[in-house]
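The structure appears below as structure tokens.
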Amino acid sequence: MIKILGIESSCDDTAVSIITENREILSNIIISQNTEHTVFGGVVPEIAARSHLSHLDKALKNVLKESNTKLTDISTIAATSGPGLIGSVIVGSMFARSLSSALKKPFIAINHLEGHALTARLTDNIPYPYLLLLASGGHCQFVAVLGLGKYKILGSTIDDAVGEAFDKVAKMLNLAFPGGPEIEKRATLGDPNKYKFPKPIINSGNCNMSFSGLKTAVRTLIMNLKEINDTVINDIAASFQFTIGEILSSKVQDAIRAYEQITNNFDKKNIVIAGGVAANKYLQEILSSCAKTYGYRLIYPPIHLCTDNAAMIAYAGLERYNNKLFTPLNFCPKARWSLEDISN
């Protein structure tokens with residue numbers, strides 16, 4: 001049986017997973033660093049890298065035990081090798097390459113974004129091609145996923161990522177870290193029509209997005225309010241989340257038009273939303289409705305596979321393993337690595 005070991009360390013979560021050739025997840029362990037970064041209100045790169053050093057060995061042992069697997073049973077080792085916090089990426093990549101060398105097993109360098117892009121093929125086994133909205137704390141882009149290693153970016157944020165906007169607004173409201181889930185929770189208690197926020201470049205006619213002006217508008221509102229209580233916080237959260245939904249819905253329509261122009265694909269109408277923001281249930285509902293209007297089906301992974309995890313890295317490794325796309329051990333990890341720059 002083919003077993004793929006996946007290692008993910010692009011930011012502040014240490015993750016290790018083992019999956020089989022049949023897309024069965026035998027074990028998927030994530031060691032969170034939230035408690036280490038909460039006091040700073042965000043991720044501290046040096047702390048993240050040092051924590052990966054202390055967590056990786058433990059995570060690997062737990063995954064092997066939980067999956068009843070020996071290291072010698074592993075067919076190949078796949079590890080995130082960019083993009084991300086370079087210190088964190090190096091730690092995970094070096095750990096994986098050391099295992100590869102010691103075990104004499106192939107190594108596969110995985111682009112973290114490709115891991116997110118292919119998650120829907122792990123969970124739903126959807127065919128190529130499909131339209132992807134990758135929405136996380138570090139990225140926000142529409143991508144035509146044409147095949148393994150074949151990606152066309154249709155549009156992206158010109159400033160902040162949508163996940164970053166969620167986290168920054170949560171910090172303005174003194175909510176806990178990470179901020180995205182806190183905004184979503186508070187939004188269920190608030191009035192989404194209480195405050196009107198701008199929707200930057202929503203009528204640009206292309207797939208690019210902007211969230212910096214929205215974030216600034218929220219900050220300005222908070223500074224001008226005389227009192228900030230729970231009701232106000234809930235209303236701001238709801239109004240902010242509603243505006244994000246409006247922006248993404250509009251841009252999904254632009255992305256569908258751009259996607260259909262380059263694919264001529266009218267029988268496999270799938271839109272995938274991946275990344276941490278894909279876990280937001282409100283956005284799932286809004287974008288599902290938008291997709292349905294155009295005859296598309298919106299697919300999103302289970303919540304535990306929306307955020308950073310190693311199962312998606314292992315699966316991307318499986319697709320590359322099946323195509324004999326291995327990586328030399330002298331591969332240099334990358335802080336920046338576009339999906340369009342992936343080489344097969």
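The chain as shown is numbered from 1 upward.
Including glycine, each Cβ sits where the backbone N, Cα and C put it.
Together with His112, His116, Swiss-Prot lists one candidate of Asp308, Asp341 for binding Fe cation, that being Asp308. The substrate site recorded in Swiss-Prot includes Leu134, Ala135, Ser136, Gly137, Gly138, Asp167, Gly180, and the single candidate from Asn28, Asn264, Asn270, Asn280 that the record places there is Asn280. Within the same chain, residues at least six positions away from Ser136 (substrate binding site) with a Cβ under 8 Å of its Cβ are His116, Ala161, Val162, Gly163, Gly275, Gly276, Val277. Leu134 (substrate binding site) sits 11 Å from His112 (Fe cation binding site), taking the Cα positions as reference.
Around the Cβ of Gly138 (substrate binding site), the number of neighbouring Cβ atoms within 10 Å comes to 18. Within 10 Å of Asp308 (Fe cation binding site), judged by CA to CA distance, lies none of the binding-site residues Ala135, Gly138, Asp167, Gly180, Asn280.
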